C-alpha cells in the first residue's frame with residue numbers, strides 16, 4: 001500500500017497541477033513572449049496593411065478581388081463620358097491595370113486563388129485564412145507595387161486637375177495599392193527609438209517617483225499604525241474592519257472619490273489643502289505637474305497604507321513577547337528595543353510587503369488613468385499609461401508592445417533585487433518545519 | 001497580545017486615523033444625496049444637503065445601464081472565482097502535500113506570474129480575443145482574469161493546505177484510500193474555510209479589475225462596474241452626483257462583506273506575506 005502511494009504520488013502530483021500549469025502557460029507566459037514577438041513588427045491596427053504580422057510580400061486577396069473589378073469597371077464608365085483627351089488617358093490606365101493583372105495571372109496559382117476568393121465573396125462568406133494572402137517574392141512585389149503606384153499617381157493627378165468628376169477612381173487605386181502586403185519586421189527599431197526618445201524616460205521617471213514616494217510613505221505610516229494598534233483595546237474589530245474598506249473597494253472608485261475632492265472649484269480636499277496652506281491655490285492640485293503628482297500619491301497612500309499596516313501588524317504579532325521581556329530586564333530602552341528586536345524580526349515581513357507594494361505601484365494604471373489621465377501635459381504619465389495610450393489610442397501595437405516589454409523587464413529586475421534580499425524565504429515549501 | 005495602557009492619546013490617534021480613512025466615503029455619500037445645484041458653487045462644501053434627494057440613485061438605473069454593469073461584473077467575477085478555485089485547489093493540494101519533482105520550480109513560476117504587469121500581456125490577449133470574436137463577451141474577460149486570479153488562489157490555498165494537520169491524511173492512507181479519495185473526503189472538507197477565504201479574495205480582485213475590462217469589453221452592454229462608472233459621461237460636466245451614488249452602491253456590499261469576513265480576509269491577505 002505504501003509503495004503504491006509514493007509511486008502514484010509523483011504521477012498524481014503532476015496531474016493535479018497540470019490544469020493550473022497549462023492555464024498559466026497559455027494566458028500569462030505565452031502572451032509575454034508574444035508581446036516581445038509583436039514588438040519586433042510594425043503592427044498598427046488602424047493601418048489596414050499592417051494589422052498583423054507579415055513575414056513576406058503578398059497580396060491581400062480579399063481586398064484585391066473586391067477592388068480590382070470595381071476599378072476597371074469605373075475606368076470604363078468614366079472614360080465613356082469623358083472628353084477625348086481624358087478618355088485616352090483613362091484607357092491607357094486601364095491597359096496598365098489589365099497588364100498588371102495579366103502579370104499576376106501568369107502564375108496559374110494566382111488565377112485559381114483569385115477565382116476561389118471571388119466565388120466565396122460572391123456567396124457572401126468569409127475568406128478562409130489560407131486563401132487570404134497570395135505570396136509574392138520581392139522582385140514580383142516590387143514590380144507590382146511600381147505599376148500600382150504609377151496608376152495611383154496618374155489618377156491622383158487627374159483628380160487634382162479636375163479632369164475627373166469625383167475622387168472615386170483615386171480612392172479605388174489607393175485601395176488597390178493597400179492590398180499589397182509588405183513584411184513588417186522592424187527588429188529592435190522600436191526599442192532603439194524609445195530608448196533614445198524623451199517620453200519613455202519621462203514616464204519612467206514619473207513611475208519611479210510615484211513608486212518610491214508612495215511606497216516609502218506607506219511603509220513608514222503603515223509601520224506607525226501597526227505599532228500603535230498592536231495591543232488590545234475596545235473597538236479593535238471595528239478599526240480592523242474600517243482599515244480593510246479602502247483596500248476592498250475598486251481603485252477606480254477611490255480614484256473618482258479623490259478626483260471629486262481634489263476638484264479645483266468644488267473639491268473639499270482641495271479647499272482644505274488651500275486653507276491650511278499646503279497649496280497656494282486650490283486649482284493647482286490637478287492642473288500642475290507637482291500638484292497632480294501629489295494628488296496621485298496621496299490617493300494611493302490613502303488606499304494602500306491600511307493594507308500595509310495589516311501585513312506589518314500580522315508580522316509584529318509573530319514576534320515572541322519573551323524577546324521584549326528579556327530586553328527590558330537588560331535595561332534596553334523602547335527605542336533600542338525597536339531597532340534591536342522589532343525591525344530585525346520584522347525584516348522578512350517588511351521585504352515581502354515592500355516587494356508586493358513596489359511591483360503594484362510600478363505597474364500603476366487605474367489610479368492615474370482615472371485621476372489625471374496622465375496629465376497635465378503627460379506630467380503624471382506612468383509607463384503603463386504610456387504603453388496603453390500607444391496601443392489603444394494610437395493603435396500602434398508594435399511600439400506599444402515594445403513599451404510593455406520594457407515594463408516587464410523593469411518589473412523582473414525589481415523582483416530579482418527583492419528575491420535576492422529575501423533569499424529562499426519567499427518560496428520555502430514548508431518542508432523545513 | 002501586549003497589554004499597554006490605552007490612554008487618551010491612543011484613542012485620539014485611532015480617531016484621527018478613522019476620520020482620514022472614512023471621510024472620503026462619508027463625503028461620497030453626502031454628494032450622492034445632493035441635487036445637482038448643491039454639488040457646485042458655494043454649497044458644494046456644505047456638510048448637510050439642503051434638499052436631500054435620491055434622484056441620483058434612481059437616475060443611475062433609469063438613465064444609465066448600471067444594472068447591466070452590475071450583472072456583467074457579477075457573472076465575470078463569479079465564473080473567474082469558480083474556475084480558479086477549482087483548479088487551484090488541486091494544484092495547492094499537490095504543492096502542499098505531495099512529493100514530486102519540479103514542485104518548487106512550479107511554485108516559483110506561479111509566484112512570478114502573479115508579479116507580471118498586466119500591460120505586458122494585454123496586446124496579445126486583446127488581439128487573440130479579437131480574432132476569436134471574444135471581445136465584448138463574458139469569456140473575453142474570464143480568460144484573461146485568470147492571469148492574476150489563479151496565482152492569487154494558488155498562493156493563498158497552498159498556505160492554507162499546509163496548515164491542515166497531516167494525521168487524518170495518514171489515517172486515510174492506512175485505510176487504503178487513494179490520493180483523490182483522500183483529497184475529496186479528508187483534506188478538502190478541512191480546507192473549506194481557507195477555500196472560502198481565498199474565494200472572497202479572488203472575487204474582490206476580479207470585481208475590481210480595470211485594464212482588461214476597459215480594453216476588451218467596450219460595448220456599453222458588456223462593460224463591468226469599474227469601467228462603467230469611470231466612463232460615466234455628463235452633457236456638460238462630470239456627473240458627480242451619479243458617480244457618487246453608483247460608488248456608494250458598489251461600496252456598501254463590500255463594506256458588509258468586510259464586516260462579516262474581516263478575520264478571514266486578514267488571514268488571507270497576510271497568509272502569503274508573513275512567515276510563521
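From the backbone N, Cα and C atoms, a Cβ is placed for every residue, glycine too.
The feature domain 'ABC transmembrane type-1' is assigned by TrEMBL to B:70-261. Annotated transmembrane segment per TrEMBL: B:7-30, B:68-93, B:105-129, B:141-161, B:182-207, B:243-261, in sequence order.
Remote same-chain residues near the transmembrane segment (B:105-129) are listed as 91, 95, 135, 140, 143-144, 147-148, 150-152, 154-155, 158, 211-212, 215-216 (criterion: CB distance under 8 Å, separation of at least six residues from the stretch ends). Packing against the transmembrane segment (B:68-93) from elsewhere in the chain are residues 110, 138, 141-142, 145-146, 149-150, 152-154, 157-158, 160-161, 183, 187-188, 191, 195, 198-199, 202-203, 206-207, 213, 217, 220-229: each is 6 or more residues past its ends and has a CB under 8 Å from a CB in it. Relative to the transmembrane segment (B:7-30), the listed stretch B:243-261 leads the set B:141-161, B:182-207, B:243-261 in CB pairs under 8 A. Listed as Cβ neighbours of the transmembrane segment (B:141-161) (distance under 8 Å, sequence separation of 6 or more from its ends, same chain) are residues 76, 79-81, 83-85, 87-89, 91-93, 95-97, 107, 110-111, 113-114, 116, 118, 121-122, 125, 129, 134, 187, 191, 193-195, 197-198, 201-202, 205-206, 209, 212-213, 216-217, 224, 268, 271-272.
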